[in-house]
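Colleague: Once you've had a glance at the structure underneath, I'll fire off some questions.
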Amino acid sequence: MVQFSVIDEQGMTHPVEAPADMGLSLMEILKASDYPVLATCGGMALCATCHVEFTEGLERLPEANDAELDMIDTLPNAVNASRLACQIRIGEHLQNAVIRLRGDGN
Amino acid sequence: MITTDICIIGAGPVGLFSVFEAGLLKMRCHLIDALPQVGGQLSEIYPKKPIYDIPGFPEVKAQELVDNLMEQIRPFNPTFTLGERVERLKQMEDGSFILYTSDATEIHAKVVVIAGGLGCFEPRKPELPQLEKFEKRGVEYMVKDPEKFRNKRIVLAGGGDSALDWTLFLANVAERVTLVHRSESFRGAPDSAEKVVELAKEGKIDLVLNAQLTGLEGEDHLKAITLSTSGQSQRIEADYLIPLFGLSPKLGPIADWNLNIDKNAVEVNTFDYSTNIPGIYAIGDINTYPGKLKLILCGFHEAALMCQSAFKYVYPDQKLSFKYTTVNGVNAF
Ligand SMILES: Cc1cc2nc3c(=O)[nH]c(=O)nc-3n(C[C@H](O)[C@H](O)[C@H](O)COP(=O)(O)OP(=O)(O)OC[C@H]3O[C@@H](n4cnc5c(N)ncnc54)[C@H](O)[C@@H]3O)c2cc1C
Ligand code: FES
């Protein structure tokens, strides 16, 4: 299991625990934990509703691929620590990360 | 006023296929969509992606499916209002409806079918104080009529294809064009990006990279924008700001029509996909019921059952007899 924190839209921090060995994405874990992540495109880096900002732990993640960078680059509220949760596998690299939800919860 | 049997809100795959099912029962359709093109999510979000779960098509590209649907419904001569959002609807004494769009188009219909998907596609907006105050007073999310910007000072924001393309286009129209982008380089089409950089070098436009918009200034109309470039703040005088950050769907006005709504979706009866208001149906991604799956396939099924039920509003005195297309063929209007 990996432990990390999620800051919701109200600014509240919640601890989250997720299995590292099931091949899930961070988007799937956030959705399953009932955070307001729409994931309209089902995880294809096409909708940005899973946009998150890593306030801690960004440097430990594998780099974003082109599709992810292309999408992030079109967002009005993107920051340097922006990532798409659907493109991030749950794994040890997320241990102790702090993740702020930035997507559009509709 | 446009008059029709069924007015379909949303020209996504489910709205389009409804025209076919309605046509078989001799009901005419008018479609309205907020987007300038038909196809809903397929054309707007993933036109080039292959879909693998359309019955009879081992693989079909999203835009190809939309083109095929347009071909399939052509015999029934549907009419379209595109680029307009349905804002309001009113039920008349005889049970029919009048729908009003954002451009004041009025449509009279016996039946309303909401095939609104995830909602209206609307521009993603930057988070700026007073943004709403300046909307239509200097802040525009779309270039509908380029002439409006002739000899004006324009700031465009964004780094995708549309920001690049409009920068190139407006460079020849506006007095001054400034393009503001958050990162160092552009990820949009390389040749447009190159041209933009070239124009900036020639001094024909201003390019501000690594920058974030921070504020808007003005009284009745936009006068200037402020931005921060690697920590330093900068002010640019401008008549218009055009933020171009793509589109994302929002439920929009449908929420205010007294329909039963659960988590941004319209509750329906799975007998015929009718809503709580007689004469209004909801099909495709916009509806919800126990076991709902947001799939194109499921929306097509819902369209077929919906039409069987809608028939009684269009032809109250006739009895519906079910026939295969193989028996009668497709009888065009
Ligand atoms: C990346 C991606 C991949 C997908 N892959 C598949 C797949 O493989 N198989 C599958 O079956 N499904 C897939 N889907 C889901 C599929 O696209 C949807 O189920 C389908 O688009 C629903 O069709 P629809 O006609 O109900 O709505 P939409 O396609 O969402 O169209 C609704 C339209 O209604 C318009 N609208 C809404 N409100 C208003 C209003 N008030 N006034 C005017 N217009 C309005 C909108 O502008 C929109 O164009 C995928 C979706 C995405 C995003
Ligand atoms: S779920 Fe659509 S971009 Fe991540």
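Along the chain as shown, residues are numbered 1 onward.
Placed from the backbone N, Cα and C atoms, the Cβ positions cover glycine too.
This is the feature table in TrEMBL:
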- B:5-290: domain 'FAD/NAD(P)-binding' (DOMAIN)
- B:Asp33, B:Gln41, B:Tyr46, B:Val86, B:Phe121, B:Asp285, B:Thr326: FAD binding site (BINDING)
Colleague: Across all chains shown, how many C-beta atoms besides its own are within 10 angstroms of the C-beta of B:Tyr46 (FAD binding site)?
Modeller: 18
Colleague: For chain A, give the subset of the binding-site residues B:Asp33, B:Val86, B:Phe121, B:Asp285, B:Thr326 whose C-beta is less than 8 angstroms from one of that chain's C-beta atoms, in sequence order, otherwise 'none'.
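Modeller: Near chain A, no listed binding-site residues qualify.
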Colleague: Given the binding-site residues B:Gln41, B:Tyr46, B:Asp285, B:Thr326, return the subset with CB under 6 A from an atom of ligand 1, ordered by sequence, or none if empty.
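Modeller: The ones that qualify, in sequence order, are B:Gln41, B:Tyr46, B:Asp285.
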Colleague: Return one of helix, strand or coil for B:Asp285 (FAD binding site), based on DSSP.
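Modeller: SS state of B:Asp285 (FAD binding site) = helix.
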Colleague: At 10 angstroms around each C-beta, which of the binding-site residues B:Gln41, B:Thr326 has the fewest other C-beta atoms nearby?
Modeller: B:Thr326
Colleague: Starting from the Cβ of B:Phe121 (FAD binding site), draw a 10 Å sphere and report how many other Cβ atoms land inside it.
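Modeller: Taking every protein chain into account, the count is 21.
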Colleague: Record lists B:Asp33, B:Gln41, B:Tyr46, B:Val86, B:Phe121, B:Asp285, B:Thr326 as binding FAD; longest Cα-Cα distance in Å?
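Modeller: So the binding residues stretch over 38 Å, Cα to Cα.
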